[in-house]
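Here the structure is laid out as structure tokens; the discussion comes afterwards.
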Amino acid sequence: FFYIQENNKTAVTVIFLLGFQGSQDLRVYLFCLFLLIYCGTICGNLLIIALVSTSRTLHTPMYFFISQLSISDILLSTDIVPNLLHILLNNGGTITFIGCITQFYAFSASEAFECFLLALMSYDHYVAICHPLRYHTVMKSEHSRTLTTTCWLFGFSIVLIYTITTAKMDFCGPNTIDHIFCDLGPLLELACSSSFIVDLQVYFLSFPIVIIPSAIILLSYTYIVLEVLKIPSQNGRQKAFSTCSSHLIVVSIFYWTMFSVYIVPTKGQSSTISKILSLLYTVFTPFNNPIIYSLRNEEIKKSLQKILCTSDI
């Protein structure tokens, strides 16, 4: 059932994900919690997309980028949570090898896209605050759409390189992953061939995916802070910082969780801690993003109130 003979080798065709092992009561509680979060994630992000699409006051590059972030969050959450719920109900679950690779690819592509998009959003804030007179020239509607499309293409094409290399490796058992989804690290532990090429590809591709976007974000906010400090009035400075606060919170949560999982040494770290950290950026972050942007953004709140008032009438 789990293996097939291929060229005198035993190849893994089905992978068993352990998920969270524990009592049935604990798994039922986690199932209800993640189901509630997943429903909130889908509804919250769809609401953001609907508001940006229908409200004329939100037809600006900044809100267009926010709607694209919501699309990415829906993709990421849908890639991970439904299978996680199945695993919780059955105290573990199987996934085909092709399904595992596909899940890993969709997860990695959405994360890469978010890295690019957050950098693009920081540049948008930089132009708006440091060069306000040139903003409508630099960040035209067609320019923002072209840049976003480029981010999508880069995200899905760059990750494809090491995804294909990983899929071509020899996986000949065991076929059990002690994790909640098919991530690269746990997947490579099942390989019976060297992962040197994959590791090398991931190392070099981390520069365009992580390092360069991080540098753009840091550089943008360095110039933003220097520009804001030149504003004489305190109210003016607070207003300028408030336009960036939601984005800064999202960036901080995203990079903190990602660096906790992939950069901080995991030696001696229990599998439970690793799973919890993975939950932060695959389940909770897509749930938090629409909350952060809706609660801290006056334009979004006004658009929502306008729609609710119209529906009451």
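Placement of Cβ uses the backbone N, Cα and C atoms for every residue, glycine included.
TrEMBL entries are annotated by machine, without manual review.
Record note: among 106-125, 146-165, 146-165 is the stretch given as transmembrane segment by TrEMBL. The listed stretches are 28-52, 146-165, 203-226, 276-295; of these, 276-295 has the most Cβ pairs under 8 Å to the transmembrane segment (247-264). Taking every recorded stretch in 146-165, 203-226, 276-295 and counting its Cβ pairs under 8 Å to the transmembrane segment (28-52), the highest total belongs to 276-295. Below 8 angstroms of C-beta separation, residues 34, 37-38, 40-41, 44-45, 47-48, 66, 69-70, 73-74, 76-77, 80-81, 84, 107, 111, 179-181, 183, 246, 249-250, 253-254, 257-258, 260-261, 301, 304 of the same chain, each at least six residues beyond the ends of the transmembrane segment (276-295), sit close to that stretch.
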